[in-house]
Amino acid sequence: CIKANAKSCGECIQAGPNCGWCKKTDFLQEGEPTSARCDDLAALKSKGCPMEDIENPRGSKQVLEDREVTNRKIGAAEKLKPEAITQIQPQKLVLKLRVGEPQTFSLKFKRAEDYPIDLYYLMDLSYSMKDDLENVKSLGTALMLEMEKITSDFRIGFGSFVEKTVMPYISTTPAKLRNPCTGDQNCTSPFSYKNVLSLTSEGNKFNELVGKQHISGNLDSPEGGFDAIMQVAVCGEQIGWRNVTRLLVFSTDAGFHFAGDGKLGGIVLPNDGKCHLENNMYTMSHYYDYPSIAHLVQKLSENNIQTIFAVTEEFQAVYKELKNLIPKSAVGTLSSNSSNVIQLIIDAYNSLSSEVILENSKLPKGVTISYKSFCKNGVNDTQEDGRKCSNISIGDEVKFEINVTANECPKKGQNETIKIKPLGFTEEVEINLQFICECQCQSEGEPNSPACHEGNGTFECGACRCNEGRIGRLCECSTDEVNSEDMDAYCRRENSTEICSNNGECICGQCVCKKRENTNEVYSGKYCECDNFNCDRSNGLICGGNGICKCRVCECFPNFTGSACDCSLDTLPCMASNGQVCNGRGTCECGTCNCTDPKFQGPTCEMCQTCLGVCAEHKDCVQCRAFDKGEKKETCSQECMHFNMTRVESRDKLPQPGQPDPLSHCKEKDVDDCWFYFTYSVNSNGEANVHVVETPECPSGPDIIPIVAGVVAGIVLIGLALLLIWKLLMIIHDRREFAKFEKEKMNAKWDTVS
């Protein structure tokens, strides 16, 4: 909003949907430009602009015509005119659009049962379609019978086409012009397009007139079907189209010519897309080129005509590609003699009518539209797929959510109208777009107001909108005076050479402070000497996040002080667990304890590194008072009466951690080498309390008998083990000596023999 540099309320609200304009007369600080009135709503409120002084018009929607969709069954007694049947709701509405703010409305579509149908059969009568013509001659009554299952109001028409009546598409020799066929074939003269039968509910008349038709002929393979389609689409009165479902069946066994092919016959004028039927014959085929595919799409869409291409297998691929370019069209495979044409039409109609595709007219500049579909079985889609729903049966209802957004205001601010309709249907939604480009307060403006320097501007929305040639917040200067050096003197501080402190421009002798990249950072003051971002910082935040920077000085919130508002006056962080501030050993400064006794330290002056522990400090006093012994036994009544003592039976009965008072658990040895247990705590009133276990734990003397018995048993066992080892060694020694003796004895026998 700030970057938009809006000079008026109208410019401000066009900058974005969240921008508001403060019309409070004294809202601006000294040095702030008029554009500072434009900001987001939260910023304006924080700067002191009351909500009732903020201009912030919002868009809206109003439904003008909202007839319910028609509910009726086929064969119902009531017969409604086509224009009385409603398939789309609402029908007319007004959207008031503010730039950047989308307006959303819901559109409902329901396929009505027994909806009237007009079907026009357009047939290729070149020679290759001779056998097909025979089957089409009885099409009228047969198709009437089939269509009665779908609608009780059905009309049918017939037209035929061949080719442009110039070379090289046909032979222009007199004989060939009379009969383009060879041999004894009786063919009619070639023609471009002929409306044989306008739409009628008389099937017999269809059979009668089609039965009188004869095949014609041409030279090249592609046919001039596009000329015929164009005339069928734009000649509504001659064809007899009603505002109902319009079906065009295009039957051929060949390809097609399109825009540019006419040059072969010397035809260079583009197709004009207008009706040129005289006596039901197209008379300008030799003058205008074939239409382009895009031109056909436009005219078919404008006239709500759905096309069914009934073509032979050979050309299926070509016409399927054409179908992809023409919305609401279908392709069916025509048998070689058109015997399946009725079933083809029924299947194609069911396919076309089962899909609804929304399209909108040309949008005004700067307006965008988006769709979201809510189809059957919970299928939802957005973007391009949000325009359509498929697999819709008769009587099914689908919804669309449509967003319309204006991204800019039209130059003249005039209203615009757009239309949305389902392709192939005549019904449409008319939307009148009204653009919010000015504020309400601008209509209350005072032209040539005395508030704008003797009537040099219009005073509106709390500010002056200057007349041409005047500038300044109050229109006090003419554009000729802007660069005057005399004016610059008013923009310099005393004893300074800097104009507007180098933070702004001098306009009409007044400083207009420049804007920063960060829109939250603002220069202000008569000479732009102030700002809200150059104050002292703490923890990387301006004023520590605990104050507001005004003219480079922090204004601290309550309970904070200091140049950077980093000193808290709150004593809660200094409160010790015993309820005392800094344990009574210091003062709380900026939320931190300053310990007055140098022996103590810690967040609340609770730690003393050189002091005895609580247990060691009170050991002798607890011993003398609880057990009447120890070093202070004689002086116990004088030195050890500073605490309250309570005896308990066992260690389990001692106070446990979790109580509000600080608690120390102690285990000490007395003069008899017995252990005694106690706790020491100080309550919020400063009273010391000691809980002591009444019976010390003394070590018991050794049991002599088991010790002596164990020693004797050990000596005996060791002696036995030594004797066994000695005996084992003697046995091993004796065996070795005996073996040695035996060996010497044997040696002595050998010596005697020799």
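FYI, residue positions are counted from 1 along the chain as it appears here.
Backbone N, Cα and C define each Cβ position, glycine as well.
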Tell me which of Cys582, Cys605, Cys608 TrEMBL records as disulfide-bonded to Cys595.
Cys605
Looking at TrEMBL, which of Cys500, Cys528, Cys530 bridges to Cys513 via a disulfide?
Cys528
Within the domain 'PSI' (1-50), count helix residues (DSSP H, G, I), strand residues (E, B) and coil residues, in that order.
18 helix, 7 strand, 25 coil
Hey, of Cys275, Cys506, Cys513, Cys535, Cys556, Cys567, which of those disulfide-bonded residues are within 10 Å of Cys549 (disulfide bond), Cα to Cα?
Cys535, Cys556
Shortest C-alpha distance to Cys590 (disulfide bond) - which of the disulfide-bonded residues Cys464, Cys491, Cys624:
Cys491
Filter the disulfide-bonded residues Cys506, Cys528, Cys554, Cys567, Cys615, Cys666 down to those whose C-alpha lies within 10 angstroms of the C-alpha of Cys636 (disulfide bond); answer none if the list is empty.
none
Have a look around Cys530 (disulfide bond) and count the other CB atoms within 10 A of its CB, chains all included.
22
So of all those disulfide-bonded residues, Cys464, Cys491, Cys528, Cys556, Cys567, which one's Cα sits nearest to Cys235 (disulfide bond)?
Cys464
On a C-alpha basis, identify the one among Cys275, Cys491, Cys528, Cys554 that is nearest to Cys535 (disulfide bond); the candidates are the disulfide-bonded residues.
Cys554
Comparing the disulfide-bonded residues Cys409, Cys477, which residue's C-beta has the most other C-beta atoms within 10 angstroms in this structure?
Cys477
Select the closest residue to Cys528 (disulfide bond) from the following disulfide-bonded residues, measuring between CA atoms: Cys409, Cys511, Cys554, Cys565.
Cys511
